[in-house]
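Some features that TrEMBL has for this protein:
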{"type": "TRANSMEM", "residues": "7-28", "note": "transmembrane segment"}
{"type": "DOMAIN", "residues": "118-262", "note": "domain 'Alpha/beta hydrolase fold-3'"}
{"type": "ACT_SITE", "residues": "Ser196", "note": "active site"}
{"type": "DOMAIN", "residues": "325-383", "note": "domain 'Alpha/beta hydrolase fold-3'"}
{"type": "ACT_SITE", "residues": "Asp350", "note": "active site"}
{"type": "ACT_SITE", "residues": "His380", "note": "active site"}
Amino acid sequence: MELLQSLLLALTGVIGIPFLSLLSWAIYYDLSKSEIPPGFDSPLKLRGLHCLAIMAFTVGKCLEVLGVCRQVAVICFLMNFWNPRADPSLSSKDLHFDGVPVRVYQPKTPSASPRKGFVFFHGGAGMTGSIAFYEDVCSKIAKETDSVVVSVGYRLSPQHLPPAQYKDCLAATIHLIQNAASHGVDPSKIIVGGDSAGGNYACIVAQKLVDRSDLPKLRAQVIIYPYTQAMDLNLPSYQQNSSMPILFRENVAYFGLKYIGKDPSLLGQVLKGSHVPDSMRLKYGKWLSPDNLPERFKGRGYKQVPLAPYEPEVYRQLSETLEADFSCLFAEDSVIQKLPETLIVSCEYDVVRDDALLYKKRLEDNGVKVSWFHVENGFHGMINFFKGCIFAFPGAVELMDSIVDFVKNL
């Protein structure tokens, strides 16, 4: 017994010292690098969440430098410890739609008529996230809206570089549309949606389907704090929330470069906008102008920063980021005009807040019916934190309720 106690104490010491060192580093980094605006209502809770994220990313980076594994592999592994369970009122099945892994959530109670279908694409910068990590989110949508929810496990970068991600999302959506009856779904009542990178994929999927005359039209799209453009990272929200957890301005460019398999040393050029040709600045500038934003979103401070001089070699390496398959804001009017009814959710303290607002403006200018919900105390990535736990945020509850209300009223 004494030997066992000695071994346990020794093991605790071996694990405890590195853990405390890592925690100390995370606290130092958070306090020195992050800036939480005075208006945010849960700063200590957010700092705690941010410290956990810093610890995970630090461990991942160290293992990547040592050649053990990729940083994102560590993040994905640690996210598996977040282990939500589907609501008992639902049945869930793991299937493959046209080769793409999906989990289908369906209310157990019989329905007199076919249900709505919601195809959900998770966030995670196209490199992390999973069906399992979003089980709470998809379960709530299925239960509260009496819908069939299909959570899509698209391939992740860098093992699978884009456009693998949106193509998987598109394939799964088309499969559901074509096989709606076998899942108890009305093919004329199918919705696509997602958060962050998943919101971007939802935009692209909806754009790809507008001219598919062989398929029923999508009923709606639900776009949750998406990134919609890779041209100007100096918009008001990028300045106001540049150091707001859990997504910093620099990290938007860093993870974007990692996502497309490019050298992160290009980060500075991306932040300055030197990858954007003059012709594109002229064409897309009207859609990206801060004049398209309501004045209240400039109130926390904004200084207009012109794009840096164009560098052709940088554009050559990053040209795909300015195409509509990556920057959905840049789709032509002829495509935007045909998009379905849309819910856009934005968060005040989100670095990519203005991406959502500018996409909202483009939709409205092209006659698309738009509902908008703005989470005043919202931050990027908060959708997973709506349930009762130490890291639950009231704003996340509001966000989820806005999605449920929109889908129920379609």
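Using N, Cα and C of the backbone, Cβ positions are placed for all residues, glycine too.
Per DSSP, the secondary structure of the domain 'Alpha/beta hydrolase fold-3' (325-383) breaks down as 22 helix, 19 strand, 18 coil. The average pLDDT computed over the domain 'Alpha/beta hydrolase fold-3' (325-383) stands at 98. Counted with DSSP, the domain 'Alpha/beta hydrolase fold-3' (118-262) comes out as 62 helix, 25 strand, 58 coil.
Ser196 (active site) is surrounded by 24 other CB atoms, counting those within 10 A of its CB over all protein chains shown. Across the structure, Ser196 (active site) and His380 (active site) are spaced 8 Å apart at their Cα atoms. Neighbour list (Asp350 (active site), Cβ cut-off 8 Å, at least 6 residues apart, same chain): Tyr225, Ser237, Asn241, Met244, Leu247, Gly378, Phe379, His380.
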